[in-house]
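Participant: Here it is: the structure, laid out below.
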Amino acid sequence: MKAIEERSIKEFVQNNPATSTILFFMIVLHLLTYVIGNGPSDAETAKNFGALYSGNKDWSEFPYLLTSTYQHLGGMFHLLSNVFVILISAPFLEKIYGTFKFVLLFNLTGIFASLVTLIFQSNALSSGASGAAFGLLGIYIALIVKKHPEITKSITQTVISLVAINVIVTYIVPGISITGHLGGLLGGMLLGMVFLTGRSVKERTFTSIFKTIAITLGLFGLLFVPQYTLTNKSFIDVAEQVGLGDYVAGSSTLPFFSNNSIYNELNWLIDQYNNKLVPHYNNLVESYNNGISATDSSSHIQVINQLITELEKDMEIVSSHKNMDETKELQQQLLIMYEHLIEAANLAKSTLELKGVTMNEQFINQMNVVNSEYEKFNNLLEKYYNEYGK
């Protein structure tokens, strides 16, 4: 049985080298988040490994339009579900387009899906190949419209069924990125109408793998160009010129791009954590370390006093925020982290005032408690993304 499985995998790679290479890098990247990061559900790890943050409306976010296709925020289910769809839909397209066009199409649909998310969604950390997977379905639709000779009645019926089911699921299942899915579908349809299929030419496996890597890296490099060439115009400026300024600013939205409330709530809580709690934590550690080694700690004590005020203010914002039953546990965990960090800040202040060894140990112990609560928050976040993620 093992020999049969190994032969089947080898045959699949030989017959579909581009698809295999794409899937290989997705899986490896996902596993690396556990090895040299805190797992794919950790916001900082996900961002470091390529997740897109739609709150950064800037040219500097453009490289993440591609990397977010290969990085999967959340648990293994998110990755495997996209791998399954790609395994079904990609081989035929790789065959009729050839390596070069297929890899271009896959990556461009992923980029298009992410760009739609960057424009129409605010403060969302997103990643995953579902946008590109929808893009592949969009390409099939274009081939059906163009009456491609290799698109049989059976393929047509299957594609229409898959598209219908997946669009319905996109709207009824909580937490799915509507912008990413519909953006990918639209991008695939448009590109499918433009790109022509070619004669099926069997390429050497390693040649195809090399092309796949080279094309992907080439596109990745091109996405850095805007931030170095369009220095006089920001991404928001360009969006305003083409009539998308209100959408980028978040003051307007399209009805069919409206995300469900649970997904929005998760993004709000993550935003509070990433942009408020984490910076406060880092500032406390920096102020304490500088103060404990200084002869006069008064300026550092003043900074910590201000930090305590800001922590209490931000904690009140989270506490007064109307919660949802589905995300209440995560919100409560965020409040617990605030409580422990405020306690740690007060201990840091007292330690700097008294310069006591015992107080220093108490501060260190309290920071360990904060770190422990962070782990609980991260585990909860992974659970939520497994249930509601893109």
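Using the three backbone atoms N, Cα and C, a Cβ is placed for every residue, glycine included.
Pulled these features from TrEMBL for this protein:
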- 21-37: transmembrane segment (TRANSMEM)
- 65-196: domain 'Peptidase S54 rhomboid' (DOMAIN)
- 70-90: transmembrane segment (TRANSMEM)
- 102-120: transmembrane segment (TRANSMEM)
- 126-143: transmembrane segment (TRANSMEM)
- 155-172: transmembrane segment (TRANSMEM)
- 178-197: transmembrane segment (TRANSMEM)
- 209-228: transmembrane segment (TRANSMEM)
Participant: Find the average pLDDT over the domain 'Peptidase S54 rhomboid' (65-196) in the predicted model and report it.
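Facilitator: Computed over the domain 'Peptidase S54 rhomboid' (65-196), the mean pLDDT is 90 on the 0 to 100 scale.
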Participant: Quick check: do the transmembrane segment (178-197) and the transmembrane segment (70-90) share at least 3 Cβ pairs under 8 Å, counting only pairs 6+ apart in sequence?
Facilitator: no
Participant: Which of 21-37, 70-90, 155-172 shares the most C-beta pairs under 8 angstroms with the transmembrane segment (126-143)?
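Facilitator: Selected stretch: 70-90, with the most Cβ pairs under 8 Å.
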Participant: Provide the three-state DSSP residue tally for the domain 'Peptidase S54 rhomboid' (65-196): helix first, then strand, then coil.
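Facilitator: Tallying H, G and I as helix, E and B as strand, the rest coil: 104 helix, 2 strand, 26 coil.
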Participant: For the transmembrane segment (102-120), which partner among 21-37, 70-90, 155-172, 209-228 gives the most CB pairs under 8 Å?
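Facilitator: Going through each listed stretch, the top one turns out to be 209-228.
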